[in-house]
Amino acid sequence: MVNFTVDEIRALMDRKRNIRNMSVIAHVDHGKSTLTDSLVSKAGIIAGSKAGETRFTDTRKDEQERCITIKSTAISLFFELEKKDLEFVKGENQFETVEVDGKKEKYNGFLINLIDSPGHVDFSSEVTAALRVTDGALVVVDCVSGVCVQTETVLRQAIAERIKPVLFMNKMDRALLELQLGAEELFQTFQRIVENINVIIATYGDDDGPMGPIMVDPSIGNVGFGSGLHGWAFTLKQFAEMYAGKFGVQVDKLMKNLWGDRFFDLKTKKWSSTQTDESKRGFCQFVLDPIFMVFDAVMNIKKDKTAALVEKLGIKLANDEKDLEGKPLMKVFMRKWLPAGDTMLQMIAFHLPSPVTAQKYRMEMLYEGPHDDEAAVAIKTCDPNGPLMMYISKMVPTSDKGRFYAFGRVFSGKVATGMKARIQGPNYVPGKKEDLYEKTIQRTILMMGRFIEPIEDIPSGNIAGLVGVDQYLVKGGTITTYKDAHNMRVMKFSVSPVVRVAVEAKNPADLPKLVEGLKRLAKSDPMVQCIFEESGEHIIAGAGELHLEICLKDLEEDHACIPLKKSDPVVSYRETVQSESNQICLSKSPNKHNRLHCTAQPMPDGLADDIEGGTVNARDEFKARAKILAEKYEYDVTEARKIWCFGPDGTGPNLLMDVTKGVQYLNEIKDSVVAGFQWATREGVLSDENMRGVRFNVHDVTLHADAIHRGGGQIIPTARRVFYASVLTAEPRLLEPVYLVEIQCPEAAVGGIYGVLNRRRGHVFEESQVTGTPMFVVKAYLPVNESFGFTADLRSNTGGQAFPQCVFDHWQVLPGDPLEAGTKPNQIVLDTRKRKGLKEGVPALDNYLDKM
């Protein structure tokens, strides 16, 4: 089926049990886009002969040049299963039925919406956006380098979003041709990767959860093996089918024998689970040996043997392919024998959930409102006749400058051209008017890699693009027709924007264009932050050097179209305290009638991370939350119940606790104190950076009897001053962000790595050899501040043999007292204050502390 007509696709969209929404995720350079090509060529949008070289989903010019994927792109595929394969599609909501001659049969056409996502850690926000709109993930692992740090990060994100994984081991051609591994070694390599992936799944998911068991296991067929570049792949099902007739057993029974410790004795023709001299492992004997035989015959140019194999396996070579030899013949041969497209599409159809199955258990993760209102029920049943609920996960720039398609997924109802809908931004609160627009949707479109197709309407369970809502949304949001609908939950990113660059226009007259360009940039990338400082600076914050480089290039060439001046990258810091305040701080209100007494103290280790990770949440039921705090962090239960709020922004990693005893009018000023606390934690006392891991205690409050003398104008500034004073008396410190660096290199280059890391205040905490290969993996912590130019430095010191991957990992205290002149933190504070246009020098305690 080469020519897709929109009507045919539209008909398929209604068969929601036969839809599979999936994304391809992996570590950088493990071959996602190349593998996606063989899927796309099978579904007939690229010509089959070009697959493996075109990287169809890398739509941007810089993606083709750098050979990396930067933005995630979506594409729809159509695939028809053969009759014999339909029995492998199990589960009541996994297939539609059609009537054939009065009998009900499974419908064999599947619509697969595939999203190819980037593997580079700087773009992991793109991955998050892709995961939100899909239900299944194809995890690609390079079988030579194994499970890497980024594989773990994306897999963890997938499981947190309740997305079911299937595994594919890529680059088998390298394992056979470059490393020349034997059959048993190759089996051990595969088994180790499967174990590693299952360890990650077990760590972050649970088998008794609503998704059921999601472990990957080759013997059920949710693990594929192959080579994306050469365009061939298999699961154990393909081989079991070849032998099933010969052995006279069922395919699924045979699959169990083709993996793990199952050995086949050639003399007695029996399977056993112990190895004897006569027996050989099933996987090696029946799966790998035939492949090794083909490789041996073709690569060593044994013409007669090759001809015999061609005949035996029933491969039809075209006339111009008969004269090939060596690697080109290898590709053609394997591609005809074990075509990657068929294998992968079958695995997707069998093992990934349909929207109907997935939305049952994903609804509670996705929807913020009550789980029994009309919208929630419609999402849960994926009901095309319910109210429209659609989540927009990102904006895709169009060829028309400055306009965007909104890209997202319809969870319930139908979205149609020209319909009126409510567009709810991330800050929308039900019942209020802010961040809410009621507008018509101009067009609904189908996303097809590099092309788009207009379409009348799109029902639930599908991925869609919308035209005409981009003016009302910044990065994402919810589109609905149900007036009481709550928002779909905002995405949690695994990295945080810690590197900043200030930009200005070379020609001051271009300033309006720059501002407009920054607004567009903020739309087009789910992660980047554009900040307009009060000092007039324009700041772009990103996840790392590469991310910022791409953002600035986009800004200069696509969004603002003007020449720019860029500052050197600077790092965001956080402020914290190290001990409890050495006195109870007091501040009086401007009219001297109200007094607040407070202290600050550091939080126990791990609590700030728990708040950011969502384990301890501002929206939790307060008794349940107090219980967690008391058990895990040894907080006093009565105090833990009296948490007034989290900050900054109501969700940040700082706490405001009420430890007062019997104070009058306390509730009346609570809002004002909370506002002061949000202000103080958002702009810390040292250098206006966010605070992190500080717990403030309100000890006593003396208030004026007249309500008019204790309004917000009196209390808010006072609260901020008393919080600043309590920080300054509690040994303030700066926190700097730290990358976790994973470096792969040959043994000879390890020495050079240590040298580079030591010069940059980094330290290695783990070094291990990748079993079965000469490569070493070095893991180290490296402060973000020292990471600029790290890659180039590392390559020059190791002769270009080491490849680093940096992921933001944690915050650590910068050694030294920022209040003491001449220390490094003090220098950073002074530089930051100067850059932000604040008063020079750290403010003295007397500015904030009042005498009785």
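One-based numbering along the chain as shown.
Every residue, even glycine, has its Cβ placed from backbone N, Cα and C.
Look at Swiss-Prot and you will find 26-33, 170-173, 227-229 tagged as GTP binding site. Feature annotation from Swiss-Prot assigns domain 'tr-type G' to 17-356; the stated evidence is sequence analysis. Annotation comment: Swiss-Prot describes Thr57, Thr59 as phosphothreonine, evidence class similarity to another entry. Annotation source Swiss-Prot lists diphthamide at His709, citing similarity to another entry.
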Neighbouring C-beta atoms (10 Å sphere around the C-beta of Leu229 (GTP binding site)): 21
Conformational class of Asn170 (GTP binding site) under the three-state DSSP mapping: strand
Collapsed DSSP category at Ala26 (GTP binding site): strand
Largest tally of Cβ atoms lying within 10 Å of a Cβ, found at which of the binding-site residues Asn170, Ser227: Ser227
Listed in sequence order, residues with CB under 8 A of His709 (diphthamide) and six or more positions away: Asn591, His593, Asn594
Neighbour count (Cβ, 10 Å) for Ala26 (GTP binding site): 27
Number of other Cβ atoms within 10 Å of the Cβ of Met172 (GTP binding site) across all protein chains: 27
